[in-house]
Every structure is written in C-alpha cells, then in structure tokens.
Protein chains: 6
Amino acid sequence: MRPSGRAADEMRAITIETGFTKHAEGSCLISFGETRVLCTASVEEKVPPFLRGKGSGWVTGEYSMLPRATHTRGSREAAKGKQSGRTQEIQRLIGRSLRAVTDLEKLGERQITLDCDVLQADGGTRTASISGAWVALRLAVNKLMEAGAIKDDPLTAKIAAISCGIYQGTPVLDLDYIEDSNADADANFVLIEGGQIAEVQATAEGATYDEEGLLRLLRLARIGADRIFAAQDKATK
Amino acid sequence: MRPSGRAADEMRAITIETGFTKHAEGSCLISFGETRVLCTASVEEKVPPFLRGKGSGWVTGEYSMLPRATHTRGSREAAKGKQSGRTQEIQRLIGRSLRAVTDLEKLGERQITLDCDVLQADGGTRTASISGAWVALRLAVNKLMEAGAIKDDPLTAKIAAISCGIYQGTPVLDLDYIEDSNADADANFVLIEGGQIAEVQATAEGATYDEEGLLRLLRLARIGADRIFAAQDKATK
Amino acid sequence: MRPSGRAADEMRAITIETGFTKHAEGSCLISFGETRVLCTASVEEKVPPFLRGKGSGWVTGEYSMLPRATHTRGSREAAKGKQSGRTQEIQRLIGRSLRAVTDLEKLGERQITLDCDVLQADGGTRTASISGAWVALRLAVNKLMEAGAIKDDPLTAKIAAISCGIYQGTPVLDLDYIEDSNADADANFVLIEGGQIAEVQATAEGATYDEEGLLRLLRLARIGADRIFAAQDKATK
Amino acid sequence: MRPSGRAADEMRAITIETGFTKHAEGSCLISFGETRVLCTASVEEKVPPFLRGKGSGWVTGEYSMLPRATHTRGSREAAKGKQSGRTQEIQRLIGRSLRAVTDLEKLGERQITLDCDVLQADGGTRTASISGAWVALRLAVNKLMEAGAIKDDPLTAKIAAISCGIYQGTPVLDLDYIEDSNADADANFVLIEGGQIAEVQATAEGATYDEEGLLRLLRLARIGADRIFAAQDKATK
Amino acid sequence: MRPSGRAADEMRAITIETGFTKHAEGSCLISFGETRVLCTASVEEKVPPFLRGKGSGWVTGEYSMLPRATHTRGSREAAKGKQSGRTQEIQRLIGRSLRAVTDLEKLGERQITLDCDVLQADGGTRTASISGAWVALRLAVNKLMEAGAIKDDPLTAKIAAISCGIYQGTPVLDLDYIEDSNADADANFVLIEGGQIAEVQATAEGATYDEEGLLRLLRLARIGADRIFAAQDKATK
Amino acid sequence: MRPSGRAADEMRAITIETGFTKHAEGSCLISFGETRVLCTASVEEKVPPFLRGKGSGWVTGEYSMLPRATHTRGSREAAKGKQSGRTQEIQRLIGRSLRAVTDLEKLGERQITLDCDVLQADGGTRTASISGAWVALRLAVNKLMEAGAIKDDPLTAKIAAISCGIYQGTPVLDLDYIEDSNADADANFVLIEGGQIAEVQATAEGATYDEEGLLRLLRLARIGADRIFAAQDKATK
C-alpha cells in the first residue's frame, strides 16, 4: 500500500501551465502532484566556443531548488559559492535528454538554455524538470519558426522522464518524497515518444535488483511516459 | 506621461497570494504589476553564533532572481560561484528592514529566514520582496503563536517598501522597469505603519536632486505604503 | 553629551595630505579625526567591455580595511577568498558618487579607479573614502589636463560625504566609532557643492525616525560638507 | 570490426597490482588495457557528522585524472578551483557502489575513503576505478580484521563495473577511448557477484536504443564482470 | 654604476616610525628608500588548533600590496578571490623568520599576527616587511611584559632581512625596483643578530652563479643587516 | 647515525623509468628511495598572453600530491577549491629551475608544462620532481627535434635538485621523511651540470646555521647532484 493510496502504476496528477513567466521565449509551470517546477527556455543568438562557426546550435539545462522548496530549508548554492554534485548531475542529464530529441543543425547557430527551478519539491523534481523543459523548448522553437528564424522543425519527438522504484518490495511508478526516501531501488527513465530509451539511471539503495526487476520498472515507466506525452500534447496544442 | 499611462502617484496593482508553497512556515507570492516575488519564511530553532545563549532571536533575508526573471537571461549566481554586490546589498536591506519591526527577545532563541526569489522582474523587486517578506513573517509568527511557542507577538508593526523616482522631470511612484532604466533619481523607502521611516536610499543617476525633491519622493512613498499596508492586512486577516 | 566632548554639529579635524604615495596619478591620506584612509587614483587607458568604442570613460571605486585598522583584528578578505557584502556596498557607493560629478564623455575612453584603503578606523570610513577619493581624482584629472590628454575639465563639482546620526536622542554630525556603535539611526549623505544631493542612505537601528528627523540630519550634513569642501579646496589648490 | 580487433564480447587485459603504494591501508594499480588507475583505501577513525554516535561507518570515493592522463593535457582541477560536474558524478557513483556491498554497521564508526587517481586514460576510467577500489577496500578491511579492530567481515560480496556500448550498430563490451568517442549509446553497469545489479547508467548519444538493446548490453556486462571478479579474486587471495 | 648612484655595498635610507596606527599592540611604518611597509602586530589569546593545550604560542605573518603600491595598478587579491603564489610564499617566509627568534613556550598560549601591508613598493618589500615586523613584534611583546602577561622575554634576538643581487655583473646590496627587474641573480637573506643565518633564498635569473658568488652576496647581506639592526635598536629603545 | 643507516653523504637509490605514461610527449617515474613522482612533459603550440608574438617559448611546472601519497591521508586540493601555499611555492620553483637551463627562443613559440604528481612521499618530493621533470623535458624536446619542429637544442645543460640538512648535529644528504621532520636546518639546492647554482633555499628550523654550515650543505649537494646527473644520463641515452 502506497502512502498516497495510489495504485502501483498510478501517476500523480500532471498539470502544465504554459506562459507562466512573460520574458522567456517559452515557459511553463509543471506539476507532478505537489512537485512544482518552473521551466523556461531562453534563446540566445550565440553558441559555446567549441561550436562556433560549425553551423550547429546547442541545447543546455540548468537546475536549482529554491531554498525552501523542501521540508526543511536548504542553503542557497549561490551563498555557498558552488553547485552541489547532485545539481550538476541533474543539469547534465537535462541537457543530454533534450539534445536527444533536437536536430542541432536545424536549430542553427543559437543556444537554448532550459532553466528548471523547483518551487516546491515532493519527489521526482528531475523528471518533472525534463518533462517540463521539453514544453518550454517546444514553445520557444515554435516562436522561432513563426518568426522565420528556423525553417525545419529541429525537434524530432517528445521526450518525458519519470521515476520508478521498488517500495516495500513492490515496483511503483512516480515516487513521491516519502516513497523516495524509503525505496529499495530508485530508477529514472528518460523515454522518447515511440518507444526508444534516451537514458536509464537505476540505483540500488539498501537492496539490489535483478534483470527482471529492471524490466518491470521500465514497463511502469512507459505507462508514466504516455501520461506525460498526453499532457505535453495538450499544453502545446 | 508615464509609459504605463499611470498617474504620477498611482501604484501598480498589488496582489498577495498566501500559502503559495506548502513547506514554509509562511509564504506568499506578491505582485507589484508584472513583478512577482515568492517570499517564504523558514523558522529554525537555532540562532547565529553571536547570539547563542543570549535569549534573543534573529531575522535575516536572502534574495535571488531566477535567471530568466529578466528581459534577457542572466547567469545563475550559483554557477558563477558568488553573489553579486547588488544581491548582497538587497539581502542586507531585507534583513535590516524586517528586524526594524521585530522584537527579537520576544521571538525567543530562533531564527526566521525570509527567502525572496524573484520569479518575474519588472522594476521594484527589492521593494516587493520586503513588502512580501513581512507577510510571510507574519504568517510564520502566527503559526508559532498558535502552537504556543511564542507568547507575546514579536511583530511591532507592519512594514512596507516602495520605490519612487524622478522620471522625465516628474516625481513618480512605483517605477516599472522602463521608468527605472531611465530615471534621473531613484529612491527606495522602507516605511513603518504609523509614519516612521526605517530606511531611505536615494540615489541620483544622471541628474541630482535637492531637499525639496527628496521630500516629494517621501510623500509619494507614503501614498504607496498605505496601499501596501492595506494589501498586507487583507492577506493576513 | 558626546563621548568626544564635541558639539552636536562639530566635525572632527579634517586633514588631507596629498601625494602620499608616488606611483598613483593622484593620491592623498585623508583623516577625519582618528579615521585615516589612503586614497589613490589610477588612470588606465582602457574602459570596461560595456563601454568600448562608445567614446565614454569610466570611474570606479574599490575599498578595503587593513586587517588591524580596527580595535580587534579582522580577517583579510583576500585570505577568506571573497569581499564581504559591506565592502561591495561601499565600493558601489564610492564609484556612483564620483561618477555623479564626472562628465564621462569629457574624460575620454579611459578608466580611473579610486582605491580607498583604510589604514585606521574610528567611524566614518566610507565618508572619508569618498571625500578623499575626490581629491585623488581631482589630482589625477589635473595631471591628464596638464599633459593635454584631456581638454575640458570633466569634473563638474566637488563632492563630499559625511555621516550623521541620532545619538542618545540628539542628532549629531560625523559619528566616531563609539557613537556609531550606539546610534539609534545612522545616515550617510553624499552632497554636491552647491546644494544638490547625490545620495542619502539613512537607516534606523533600534529606534526609527520621522520626516523631521531626516531633515535635521540633512542640515547637519550640509554643515559637515562645507567643512570638507574647504579642506578639499585647500588640498588641491 | 572494433578498432582494437577485439571480439564484441572481449574485454581488454585486466591486471591488478596490489600494494602499489606503501602508506595506504589498501592499494592497487588496476589496468583495463591502457587505462590505468591507482586506487587506495584510507581508513580514518572518524565518521561524517551525520553519522556520529550512531554505531555505523562510512565508505566514500574520490576521483581525479592526472592532467596528462589523456591525449591532450587537461587543466588541473585544483588550479581551476573546482571539481567538474563529471568528476563529482563519478565520485558519487564510486561511493554508492562500494556502499552497496558493505555492511556499514559491521564496519564500526570509521570511514574508508577510496581514492581513484587515473594515471593513464583510454576509456572506462570510472569502471576501472570502481573495480579497483573494491580490491583496495578488501585489502584495507582484511588489515582491520587481522588487527582485531573488526570482528565480522563487513564486505558482503565482490562488486565490478564495466562499460558497454553500441559501436557502429553492434553492442560491444569494454569500450576503449576510440570506441567511446564514437559510440551511439554508452552504458555503465555496476554488478554484484551472484547476479544482482547495483547500478545501471545507460545513455543514448546520437542514436537511442530500445528494451532489447538495453538487455543485450546487460548480458555483455555480465561477461565482463565475471572476468573482473576473477581478477579481483586472484589479486586478493 | 647603480641607477641610484649608490655604492655596491650601500643601503638605502632606513626609517622606522613606530606607533603608526593606534589599535595594534605594536606597529611601525618602515621605509627602505621609497619602499614603505606598514607592519602591525596583533595579539590574540588563542592559538591555532594544532597547538591547543600544548602550552606553546604561535607567531604568523600576512602580507599584501595595496593595488597602487606599484608602478601600474595591480588587481586586488580580495577581488580576485585568492592570494597569489607569490603572496603566500612571502607570508610563509615572514612567519618562519619571526618564529626563528621567538621562544614559543615563553610566549604562552597566544598568537601574534604580523600584518605587513605595502603602501609603496620600490623593490625589497619582503625584506622590509620582515625587518619591520620584528619591530612591531618587539613592541607588542614589550606591552605584554609590562602588563605582566609574560614573564620571560620570548624574543631571543633581533632578525633582519635584506636582498642582494648581481646587477650588471656586480654584486650589490639592497636592490631597488630597477635593479631588481634587471638583476642576473637575486637573493634574500634573513640574518640573526650575532651572525647566524635563518634563511637563504638565492635564485639565478638569466645567469647562474657559483659558490664564490653566493658568499659575496652573503657578505653584502651582513653589512645591510647591521644597518637594519641599528635602526631596529633605535626604534625600540 | 641516520635512521636508514646511510652514510652522511649517501643518497638513496635513484631510479628513473622513462615512458611511464604513453600520451605525454615525455614522461618518467622517478624514485629517490621510497619517494616516487610521475613527471610528464606536455607540449602545446601556444604561449601565455605576455609572450604572444615575441618569438619566445615558455616552460612551466605544476605539482600535486595524491591524497594518500603520505602517511596519513591529506585532503584533495581540488576538493578544497585551492592549492596550498606550499604547492604554489613548489610549482614556481619547478618552472624557474627548468627555465634556467632552457633557451626559450630556441624553443620557439610553444609551451612545455611539466606536471609532477607525487604517487608516494618519503621526503624530497620537490627535488625528485625537478630532477625527473628535466628527464621528461629532455624526452619531449628530443621528440620535437626529431620531428624537425626545433632545430637547435634549447636545453643548455642538465639540472638536478637535492635536499640536505642538519640532522642531530650532522650535515646529511638527501633527507627522508623521518630526517626531514626532525632536521635542525633544511636546504634545497638546484644545481646545474658544470658547477653553477640555480637556486638555494636554506631554512633554519629550531637551530640556525652559519656560513660554514651553508657551505658544507652545498658540498653535500654537489655529491648528490652528480649521482642524479648520472641517472639522468642513463635514462635519456
């Protein structure tokens, strides 16, 4: 029995409010239950040094938690003077995931930065970030296409991320904070519309798992991803 | 004529949405027009080293802008590894202002941190931060009093902050971004309910001003502060 | 009664020793009583990136206290690896104040940096810094004009800074350390020769103040500024 | 056809030279082909703050590349003043992996730090690090048991890490640098002796993969892990 | 022929003005010609962690150049966020030298920090720093002895530092900036009253030197040290 | 009697294993007894900004200890975010020493970086570093000459570094860790083949020394340097 009363393969409510901030070329506030992340896409007409003059664009991600997004207040990384290993790991994952569905040449020599700022955390902040970042990216690319700056759509597919884990012996979908803190294994999947896998990060905590366990988690992840793709569709239509 | 069409002594719409995040002991999303700041109050049962064992509490503030709160994306301070001089100046102002209306001994040996995170910026982010931080502080103190942790109310009055400036020769209230970028003089007032002044920071940019100019700005500030006090009242009733 | 026995509107002795160091284009050691600040003006034939090619110069300030300028030794900021919020706030104020009396276009595409290093502190270090920095700036600009590098004098007026405060209920001029540590309100004024105000920073500590209090402090500040203008005149003649 | 001429399921030569440095409680130089990592285990009779007084020990990892371990010289992280996101990600993985096979209570209130310093890099440095770190940990624990400081063996199983990837359409085992730079997908598996999985990190680069692809990589990983377990056995007998 | 017209074994004028700042337990402004360093000694009733409870005191040094002590302005180390290798090397040398003439047990469990801040530089800043730091230390120790905090004098002898070098083929004493920039070899000697050597740092730049050259520089150094000892005597009598 | 049983003028065994890593243009693992340092020379076709376009090359050094090179584990400098004063002092010495035997114009506009990473420490790590760095530099220059990138050999002589000290009243050669920790005086000499001195750094610890003592240490150093020159010869033939 899950603390929230959800079925093992039941996701939390997904809501996506687009246009949450007005300056960004694309933005949304995505919620997976009580987890809420503000995702913005910022277009800049320049690329990192290693890409200059190569006719290719770049997509990158940044991630942060507001100090009181969590149950107890965390220190502000800007005040500590550095980003934690966890933050950097998540930032790299966001960028890599979004690039997996972007044709960088079609994007042209420009960079889109996806900022994912967690306003409230209740488990699954990195997966909500990736899922929401895609919406912000889609909106920003739409704007570039409408303005004629880009001709062919550089986005090749939708992408969604979702966490699964083994909680009290049962594989469950979309862990909230209580489940996440007590899970025996914790996996994040980044899945592409159509069935392909972009990334798997599965970690045993306490207990380990076997091949069959991994596959069960993957199957749950597919169920969750379909729910997210539907919400993304609705938000960007 | 102001770009927004407002009268010289007309504030932008003020809205305060309390309980915007669920973990903080007090929280609100305050808007001065398009400027939106998430203010949270976090209570911790400890005080900074210099106050330990002295029977007094502490109130402090932190401030940050999300990277894309602004027209063009700014770098994340956590990524740069340090907070700018501007950020630190604002943080010190927030803490000082809130302490001006708090009886720290009545608060007891605990610290309340006011985090002000700007989700969207259109001028006046520091004044919205202080005004919203008071609401978050009020809500957190109410909770402590309801729980019996504090007996006598440590908050001695409401406090509000507002910017004024000389725009194209005319003193105006509550500058938005366009006015702020072009003002001849820029002043921030932190005012206490009942008429007292907690802080004046008045800076000439381009043109300088005289005593009469300073007093005119102060009178506009009083008009704005009354509007903010009313909104704070409504939000915390 | 003031600890020093001074009258409420009496400044400490002001001395300005020009040419205190030989490498700087302009330099002086300014004293407000026991407070002593070494101010140097360094001319560099380059401007910050945001001004390149725009035909305008720049004036900026830096500030530091020697570790044992104070009663008890403070840590060296270079050893701690960062400048405090207070240091940055003062640096920004020094630069802003000097720019208020400089016509940056007449200065031409060059930067003048005013370094204010406090050798001994007894209250009022930031106001002595600004007042002395003007002398160093004046001397450096004179040298540029004598060398024919600048044609029209870019300095539009003298500028002076002075602190005032409410000490034991009485508004007093030019607080020393003992007064500063116990003042109910503390205000720094940056005033331009001729009556204009460049900056007001007035902060309530403990008690707050009203409009009348603010004006009294401003009047005291004018008395102090006239004394400083006279000393600046004498030093740069 | 692999650049090295190896079969798809063929690992590079594994060598483990124990006692490579004399001060560490456990040490080895592990090679996967041309990749060489010096792994040391350092025992300290203290635990991190969050574990103090709880009767549990801690195992953690640190990782670094010598500047010229690679084809072209990289900057020294100590000189840059911070560890990269990649370094931190690997360090977290090393610690997590070793803790998956350590009973921290049996270890007692002490910390073992596994330092993995890459002397020469040719792909697979993180997997060689984890595999070698286990050997260093085993040797250090043996020494603690011989000295009577620990009674029951806290190590529950051997653990090995290995990379697999899809290179020119074919799933291959143990990627060297040339393959790694050109792989379509790249996966790191941390496997426990006996069949359990501790960690999967599978990333699509360029092309994505499906469930069948993931399973094929996992099967290759098992082949590699068995080779590593054998080498670990031989080294610690 | 030396640029200054001095004889090969002729030092620049040495002046030592004690009590230059009033807060420090000991202070002086020492000049070697145009090189001027403010040296202060600060007594703190605590020792570094590695000495706690061992009945021994500590003497340490810190060093900095004001940004415009030099011909062209240098960046402030506090602004750059770290001290240069040169600064750290000099700081270590100052502390080591002063400890060479201090009986740390007689000092008792307290620390004396010698801050050496270069107000104006013209070669030999580190040697003037050490020589002046001894005066500040002597004055601070005198004060401790007068107050009865220390019984037996912990200072065992005077110590002086002086630079020598080979300039245009000739060994010369006390290099000024022009000589220092063009010397073939540069040596700093820290000498103890009575003939003992505390430290030699001799570096070939351009040309190298032999044993005979080293001895010649040492003999020059003895001449300079005697001049410094005399000035120290006069200042502390 | 020395702890190791060596005669006063007896060096530890010197071994130099060239080609220890394959990517560097020159590399060796040098041992002075149990002290082992990996030295690599990396050639880059660029020079530091201050040399650009001047037809001159540059040689520089970097130094680090692996965390567990020592008896007890030291913190990683990359994790602490800065290099210690000791590290920077040694790095500067390595670069200066190697430049003393390099004709930078003959090197052409390229930089060679000598990385010295201490794998195991038992006293004398800086002297082993310099001695080994010369071998790596020699090998890298040979490669450049064979490739025709350099015509005339820029290396003017061999260079060796060795420590000497006064241990229990006796001057001894090549201190190991036990001797180094207890020496009364400690000196590092950098000597050039043929008799010239590049650098002397002699420090009294506890006891001081006189001119005669300095000369005795220098004579011992010459004995050690001859041994090192022979080993360098053998390694690079």
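Just so it is clear, glycine is given a Cβ too, placed from its N, Cα and C backbone atoms.
Predicted automatically and left uncurated, TrEMBL annotations should be read as such.
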From candidates F:Arg76, F:Arg86, F:Arg99, F:Arg110, TrEMBL puts in the same phosphate site as F:Gly124, F:Thr125, F:Arg126 the residue F:Arg86
Could you please provide the mean pLDDT value for the domain 'Exoribonuclease phosphorolytic' (F:10-140)?
-> 96
Indicate whether F:Gly124 (phosphate binding site) is helix, strand or coil by DSSP.
-> coil
Tell me, how many other CB atoms lie within 10 A of the CB of F:Gly124 (phosphate binding site), whichever protein chain they belong to?
-> 27
Under 8 Å by Cβ from F:Arg126 (phosphate binding site), same chain, sequence gap 6 or more | F:Tyr63, F:Ile90, F:Leu93, F:Ile94, F:Ala161, F:Ser163, F:Asn188
Between the binding-site residues F:Arg86, F:Thr125, where is the Cβ count within 10 Å the lowest?
-> F:Arg86
Additional residues around phosphate, ordered along the sequence, whose Cβ is within 8 Å of the centroid of F:Arg86, F:Gly124, F:Thr125, F:Arg126 | F:Tyr63, F:Ile90, F:Val118, F:Ala121, F:Gly123, F:Thr127, F:Ala128, F:Ser129
Just how spread out is the phosphate site if you go by the largest Cα to Cα distance in Å among F:Arg86, F:Gly124, F:Thr125, F:Arg126?
-> 13
Of the residues in the domain 'Exoribonuclease phosphorolytic' (F:159-222), how many are helix, strand and coil by DSSP?
-> 18 helix, 30 strand, 16 coil
